[in-house]
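Student: According to TrEMBL, the protein carries these features:
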type     : residues                       : note
BINDING  : CYS102, CYS105, HIS106, MET225 : heme c binding site
DOMAIN   : 89-241                         : domain 'Cytochrome c'
TRANSMEM : 269-287                        : transmembrane segment
Amino acid sequence: MAASVGRICGARLLKPSAGKVVTQISSFSTTREWAKNKKTLLTTLGVLTGGAGALVLALDQSVRASDLELHAPKNPWNHKGPISALDHASIRRGYEVYKQVCAACHSMRFVCYRNLVGVTHTEEEAKAEAEETLVEDGPNEQGEMFKRPGKLSDHFPNPYANEEAARAANNGAFPPDLSYIVSARHGGEDYIFALLTGYCDAPAGVVLREGQYFNPYFPGGAISMAQALYNEVMEYNDGTPATASQLAKDVGTFLKWTAEPEHDDRKKMLIKAFFMFSLLTAVIYYYKRHKWTVIKSRKIQFNPKTK
């Protein structure tokens, strides 16, 4: 065997000199055959991978709770299951909460009244909701702007004319748009529920400025939005008891829908894909058994030649 290796490699690896053996073996190392540009490429890829990992870790840690912040607890939402749909009755009630409580300060400029059709309202109900608002339109034939009742194609009205007006009315704080707030906050609807129900007295040593309130679920603890949800602060049209937790749950579900309007369609597609791939798996398994059954069940017999 050693002679065969020597003839194939032609390198005389079996020479008695140990130093020469080490030298000759090292000459076969693949690292010496790598080009300089390959080493540079691998080094660059390593640096970029490490930098990307460090960036992801830093971004993840930036949204983690600090000493005065609490993580929003996980709640058993009806839509958390892999094939569970949103509670559309809760979405409708959440729209009522937004309309009567949240719309005074927060905008939803990426949601139209037509989006409510078939989800929370009928077309006639959505038209009635839109007509309750006055929308600036124009110019008319005289070149003047005018007010008209809202239409299904109109977006939800903005409570302020611009950002400066919003800050002036809220002690310098700008109320964020709520269209995608669930997707934009760590914790999603759990964060929204915890924030709306988590107001409490500030602990010792925490100084709040005028117009600020303490909420341990808000980054920094000091929030400029006063507690908005209380028991019986409003009445639901369907007669559901309007407790503070019920209000927060319904508006959280509503904001989950506005952030992911395709939520239910995505779950339906998952069910369809499951049945489709199950059928394909059965067909492929049968085809595999059909093709391999001859090979796996054949018998090989050796008949030596007789003289």
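Each residue, glycine too, has its Cβ placed from N, Cα and C.
A TrEMBL annotation is a machine prediction, not a hand-curated record.
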Student: So which residues does the transmembrane segment (269-287) touch in its own chain, when a touch means Cβ under 8 Å and the partner is 6 or more beyond its ends?
Tutor: 82-83
Student: Across all the protein chains here, work out how many other Cβ atoms are within 10 Å of the Cβ of CYS105 (heme c binding site).
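Tutor: Counting Cβ neighbours of CYS105 (heme c binding site) within 10 Å gives 19.
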Student: Inside 10 Å of the Cβ of MET225 (heme c binding site), count up the other Cβ atoms and send me the figure.
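Tutor: Counting Cβ neighbours of MET225 (heme c binding site) within 10 Å gives 20.
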Student: Over the domain 'Cytochrome c' (89-241), what is the model's mean pLDDT?
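Tutor: Reported value for the domain 'Cytochrome c' (89-241) is a mean pLDDT of 94.
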Student: For CYS102 (heme c binding site), which residues of its chain lie six or more apart in sequence with Cβ-Cβ distance below 8 Å?
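Tutor: Looking at Cβ-Cβ distances below 8 Å from CYS102 (heme c binding site), excluding near sequence neighbours, one finds LEU178, ALA228, VAL251.
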Student: CB neighbours of HIS106 (heme c binding site) within 10 A?
Tutor: 21
Student: Which chain neighbours of the heme c site, leaving out CYS102, CYS105, HIS106, MET225, have a Cβ atom within 8 Å of the mean position of the site's Cβ atoms?
Tutor: VAL101, ALA103, ALA104, PRO175, LEU178, ALA228
